[in-house]
Amino acid sequence: MTLGPNPSTAPAPSRQNASFPPSNQAPMANARAAVEPESKSLFDESPEDGDAVKEDEFKEGGYGWVVVFGVWLVNMHTWGLISSYAIFLAYYLRSGSIIGASPLFFAFIGGLSTSMALLVSPLATYSIKTLGTRITLFIGAVFEAGSFIGASFSTHAWQLLLSQGVCFGLGMGFCFTATVGIVPQWFTKRRSFANALATGGSGFGGLTYALGANAMITNLGLEWAFRILAITCFTVNGCVSLIIKDRNKAVGAKHIAFHKDLFFQPEYWLFVGWGFFGIIGYIIVVFSIADFALQAGFTSDQASLASAMFNLSQALGRPAIGLLSDRLGKMNVAGIGTLIASVVAFFLWIFAGKYFAGLIIYALFGAVAGIIWPCVGPVGAEVVGIQLLPAALSLYWIGLVFPATFAEVIGLSLKREMVGAGVYLNVQVFTGFMFFASFLSMWLLRSWKLRQMEYLGLYEKGQEAAIHNVAVIHPNEESKHEVVSTRRQQNIVVSYITNMFVMKRL
């Protein structure tokens, strides 16, 4: 299989004889427009209303920093709150306060709330299209607050399932889907940093509520802990819904619940694979770290501190990940960060985690364990383009429903029948392998991106435009003659493997 047509004989590209499948035409159009701003691409897709939408002039950032702060607060009171479930899980496992519930049931509750948030994304995407971002966010705030009120009155397993599981997941899904694609619309050069800064709110939320939930349960009881959380998250997310502002019309964002063309793009499935395996490892760590501390013989206060340190590392580490992504490349940082998560799971969590100081050191690598969250938007835009990003993420979250639902169930089922830190050995090994599989998916995706850029013969300026405008462009008359002939005839498998060892900013 060759890398492309013979540059001396191939006709000029057109819609009929494009060398890439039609599913790649939308992202190709985005980058071609970036490289050739004066010419209109043949592959530009019409916006939903049928009229051409030109991106309005705006200064990078500006009101976008207000949006970043708003999304930071939403992440703090959605993903940050669910991170505190590790404290609730440890309490449920030792208290027996819920009638008819088993340890696996409590693990399932945490996974269910996450998977419901992902499963509802197509419905939330449709809500954004019809009702707008602000109303969608407010709907999520109502569901989320209602879930905590319901959980405060729950005494049986099915009640907790509906409240803290299903209802909270619905609320978090509406809030998350409404805000996840907004920040990249306001930035170009600092897109990764701004997006990572916004996602850092989940780390601060996890830190705050890991310590706060433990203190509230100890001093006020489980019921009032839930009610205080309900009041807090409704107030914050409701206020953010008033100040949030998107640029969906300006960038021609397509909020399509199911974009069938994405199913035929192998690179998109590599993108999904990165998240599929990564979220399994992430959920196991974030939900299990407090219980692991208790199993290792530490106190409940030490367990909550370990969970808090894990979330603090996410809060401080995600902006740093964003800065590194803008400088070193989005896919480079996403892949290497996932590899580091695998290495520290094998060597720090297993060997050093049996000591409290070692567990704290491991918890400080929480940023790389959850690297999917600061990187998913920028990397997704690299794969499909900024216009198709909402539609791509809608399907992406569906692909993560299964692992999010059963990750912690699998984790608890792998626990060994013994006393001490060794009870989690199988869980730790499994988690390390999941992060490594996630790394392989991202590195293959990076190899695909390199191969596309080589085939297109992009010179330095064109490469930089393609990176910042997150798309793969179609070869034009000028660039197609710059394809390196010795690479043209290379087998695709050999090409992918070779590119995995190429060090370039991407």
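Heads up, the Cβ atoms here are built off N, Cα and C, so glycines get one too.
The region 'Disordered' annotation in TrEMBL covers 1-54.
Positions annotated as compositional bias 'Polar residues' by TrEMBL: 1-27.
Taken from TrEMBL, the feature transmembrane segment covers 63-92 (among others).
Annotated transmembrane segment per TrEMBL: 104-123 (among others), in sequence order.
The annotation transmembrane segment is assigned in TrEMBL to 135-154 (among others).
Remote same-chain residues near the transmembrane segment (160-181) are listed as 70-71, 74-75, 77-79, 81-82, 88, 98, 101, 105, 108-109, 112-121, 124-125, 127-128, 133, 136-137, 139-151, 154, 198, 237, 244, 253, 376-377, 389-390, 393-394, 397 (criterion: CB distance under 8 Å, separation of at least six residues from the stretch ends). Residues or ranges marked as transmembrane segment in TrEMBL: 160-181 (among others).
According to TrEMBL, the feature transmembrane segment maps to 193-212 (among others).
As annotated by TrEMBL, transmembrane segment applies to 224-244 (among others).
Per TrEMBL, transmembrane segment is recorded for 268-290 (among others).
Below 8 angstroms of C-beta separation, residues 192, 274, 278, 281, 285, 321, 324-325, 358-359, 361-362, 365, 367-369, 371-372, 375, 379, 425, 428-429, 431-433, 435-436, 438-439, 442-443, 446 of the same chain, each at least six residues beyond the ends of the transmembrane segment (333-351), sit close to that stretch. The transmembrane segment feature in TrEMBL is assigned to 333-351 (among others).
Among residues of the same chain six or more beyond the transmembrane segment (357-376), those with a C-beta under 8 A of the stretch's C-beta atoms are 79, 180, 192, 195-196, 199-200, 202-203, 274-275, 278-279, 281-282, 285-286, 289, 292-293, 296, 298, 305-307, 309-314, 316-318, 320-322, 325, 330, 333-334, 337-338, 340-341, 344-345, 348-349, 351, 393, 396, 435, 438. Sequence annotations record features per position, and here TrEMBL assigns transmembrane segment to 357-376 (among others).
According to TrEMBL, the feature transmembrane segment maps to 388-411 (among others).
The annotation transmembrane segment is assigned in TrEMBL to 423-445 (among others).
Within the chain, the transmembrane segment (224-244) has long-range Cβ neighbours (under 8 A, six or more residues past its boundaries) at 66-67, 70-71, 73-74, 76-78, 81, 133-135, 137-138, 140-142, 144-149, 151-152, 175, 178-179, 182, 209, 213, 216-217. Below 8 angstroms of C-beta separation, residues 61, 64-65, 68, 71-81, 83-84, 86-87, 179, 183-184, 186-187, 229, 286, 290, 304-305, 307-323, 325-326, 366-367, 370, 373-375, 377-378 of the same chain, each at least six residues beyond the ends of the transmembrane segment (193-212), sit close to that stretch. Listed as Cβ neighbours of the transmembrane segment (63-92) (distance under 8 Å, sequence separation of 6 or more from its ends, same chain) are residues 98, 101, 106-107, 109-110, 113-114, 117, 137, 140, 144, 164, 168, 171-172, 175-176, 179, 182-183, 185-187, 194, 197-210, 212-214, 217, 222, 229, 232-233, 236-237, 240, 243-246, 286-291, 294, 300, 303-304, 307, 311, 373. Here the transmembrane segment (104-123) has long-range neighbours at 78, 82, 85, 89, 92-93, 98, 157, 160-161, 164-166, 168-170, 172-174, 176-177, 257-258, 283, 287, 393-394, 397-398, 400-402, 404-409, 411-413, meaning same-chain residues at least 6 beyond its ends whose C-beta is under 8 angstroms from one of its own. Remote same-chain residues near the transmembrane segment (423-445) are listed as 267, 270-271, 273-278, 280-281, 284-285, 288, 292, 295, 331, 334-335, 338-339, 341-343, 345-346, 349-350, 353, 369, 372, 379, 383, 410-412, 414-417, 496, 500 (criterion: CB distance under 8 Å, separation of at least six residues from the stretch ends).
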